[in-house]
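The structure appears right after this line, and notes come after that.
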Amino acid sequence: MSAIVSVIMGSTSDWSTMKETCAILDEFEVPYEKKVVSAHRTPDLMFEHAENARKNGFRIIIAGAGGAAHLPGMVASKTTLPVIGVPVQSRALSGLDSLLSIVQMPGGVPVATTAIGSAGAVNAGLLAVEMLAMTDETLAERLETRRENLKKIVLESSEKLV
Ligand SMILES: Nc1c(C(=O)O)ncn1[C@@H]1O[C@H](COP(=O)(O)O)[C@@H](O)[C@H]1O
């Protein structure tokens, strides 16, 4: 099956974060493509990727970037597919720069922004699966099961408080 989620990131250095997104998509067997694309370093590729994403069969774009993280917003400016932005934790400013660069989009061009770092990357994957589950009962059931398992783990964890 061809990819329906595009996972892009500004640099290979984002992979340790963005692989968490891909792990979720693997878990739910959602076909995806992963790629390094940068608004700053490869602007033409970024435009081309975003502009043709719908035509190429993608339904959601997940974009992770750190620092001056313009990638998610710029991609959103060139597509009407939903864009989920993941602020990668930067070394200099701990990801606050990434978060603020992604979250504060002007009205009319939305980016669904997650938390900074790995938790955000996990949630980006889950959010994408939730979007797809709106029209896919199997995915919806698997999301329910995952939530139930999470609840069980938390409930059982109380017993470890000795
Ligand atoms: N924020 C962006 C963009 C962009 O927004 O287009 N392109 C690369 N980067 C970010 O630069 C950081 C450092 O990259 P390097 O490790 O390659 O120097 C990465 O977190 C990347 O997402």
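Placed from the backbone N, Cα and C atoms, the Cβ positions cover glycine too.
Since the structure is predicted, the reported quantities are computational estimates derived from the model, not experimental observations.
These come from TrEMBL:
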type	residues	note
BINDING	Ser11, Asp14, Arg41	substrate binding site
DOMAIN	3-154	domain 'PurE'
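In three-state terms derived from DSSP, Ser11 (substrate binding site) belongs to neither a helical nor a strand segment and is classed as coil. Following the DSSP three-state reduction, the secondary structure of Arg41 (substrate binding site) is coil.
Cβ environment of Ser11 (substrate binding site): Val36, Ser38, Ala65, Gly66 lie under 8 Å away, each six or more residues apart in the same chain. On the 0 to 100 pLDDT scale, the domain 'PurE' (3-154) averages 98 in the predicted structure. Once Cβ contacts within 10 Å are tallied over all protein chains shown, the binding-site residues Asp14, Arg41 are led by Asp14. The substrate site is set by Ser11, Asp14, Arg41; from the centre of their CB atoms, other residues of the chain with a CB within 8 Å are Met9, Gly10, Thr12, Ser13, Val36, Ser38, Ala65, Gly66. The maximum pairwise C-alpha distance among Ser11, Asp14, Arg41, the residues recorded as binding substrate, is 14 Å.
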